[in-house]
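A.B. asks: My structure is below; once you've seen it, I'll send some questions.
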Amino acid sequence: MVVFSEDHIQETRRRGRIEVICGSMFSGKTEELIRRLKRAKFARQRVEIFKPAMDTRYSEEEVVSHDSNSIASTPIDSSASILLFSSDKDVVGIDEAQFFDEGLIDVCNQLADNGIRVIVAGLDMDFKRIPFGPIPALLAIADEVTKVHAICVKCGNLAYATHRITKSDKRVLLGEKADYEPLCRACYMESLKEETENK
Ligand SMILES: Nc1ncnc2c1ncn2[C@@H]1O[C@H](COP(=O)(O)OP(=O)(O)O)[C@@H](O)[C@H]1O
Ligand SMILES: Cc1cn([C@H]2C[C@H](O)[C@@H](COP(=O)(O)O)O2)c(=O)[nH]c1=O
Ligand SMILES: [Zn+2]
């Protein structure tokens, strides 16, 4: 029996489905999204990538990973715009999906129902570990879910949450290593305890 580690059918045959890549910050969500989208392009699929226009962290136009991998994208303000730009596409990628409105759930379903492969990447939880924006509902309706993990910067175990270093209670705060760190559950709890003690 021959076992392929990659399901190549996704890259060559037009078949509607929703794939969600989730995890903490630095877990490799964007790299995995870019990897799948670049492979789809090699397979001559018509690909479009969207990101929230407010995510200007590394670039206004491109989707960029923490390791500087990048791919051209279309920044948009509202999930409804995705439908306008996607009718002639085979594959649609969406990064930083946690920042989109709840309409994204219906948009992804409509695209997949129309035969488009939809690949969504986003944070599953905010810095307080509360499920983030439309991601929990997208996980529910997805055909396939991939949870990726960063390395806990305190102990080297697998990280599962994002700890905010910067003092701010706002839910949305763009940032990277100076503002956030990926931690395992035990180190996350320890950090919260230290913060309470130092108040
Ligand atoms: N603690 C960490 N654990 C794993 N990767 C890390 C860590 N800190 C920095 N990185 C870098 O982040 C990259 C993943 O970046 P990216 O795909 O943009 O993640 P995400 O989109 O999940 O935030 C890794 O390839 C690695 O180079
Ligand atoms: C946890 C958390 C994160 N953010 C912001 C910080 C970054 O700009 C993005 C996440 O980017 P990544 O590709 O997953 O590294 O989200 C936020 O606004 N609020 C939060 O609670
Ligand atoms: Zn740890």
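Yeah, the Cβs are placed from backbone N, Cα and C, and that goes for glycine too.
Small disclaimer: the values here were computed from a predicted structure and weren't measured.
Per TrEMBL, ATP binding site is recorded for Gly23, Ser24, Met25, Phe26, Ser27, Gly28, Lys29, Thr30, Asp95, Glu96, Ala97, Gln98. Taken from TrEMBL, the feature active site, proton acceptor applies to Glu96. Annotation comment: TrEMBL describes Cys152, Cys155, Cys184, Cys187 as Zn(2+) binding site. Annotation comment: TrEMBL describes Val172, Leu173, Leu174, Gly175, Tyr180 as substrate binding site.
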A.B. asks: Per DSSP, Gly23 (ATP binding site) is which: helix, strand or coil?
C.D. replies: strand
A.B. asks: Using Lys29 (ATP binding site) as the reference point, find which of the binding-site residues Cys155, Gly175, Cys187 has the shortest Cα-to-Cα distance to it.
C.D. replies: Gly175
A.B. asks: Please classify the secondary structure at Tyr180 (substrate binding site) using three-state DSSP.
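C.D. replies: DSSP call for Tyr180 (substrate binding site): strand.
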A.B. asks: Fill in the CA-CA distance, Met25 (ATP binding site) to Leu173 (substrate binding site), as an integer in Å.
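C.D. replies: Given the Cα positions, Met25 (ATP binding site) is 13 Å from Leu173 (substrate binding site).
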A.B. asks: Using a Cβ-Cβ cut-off under 8 angstroms and a sequence gap of six or more, which residues of the chain neighbour Leu173 (substrate binding site)?
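C.D. replies: Set apart from Leu173 (substrate binding site) by at least 6 residues yet with Cβ under 8 Å, we have Arg164, Thr166, Asp179.
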A.B. asks: Under DSSP, is Cys187 (Zn(2+) binding site) part of a helix or a strand, or is it coil?
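C.D. replies: Its secondary structure by DSSP: helix.
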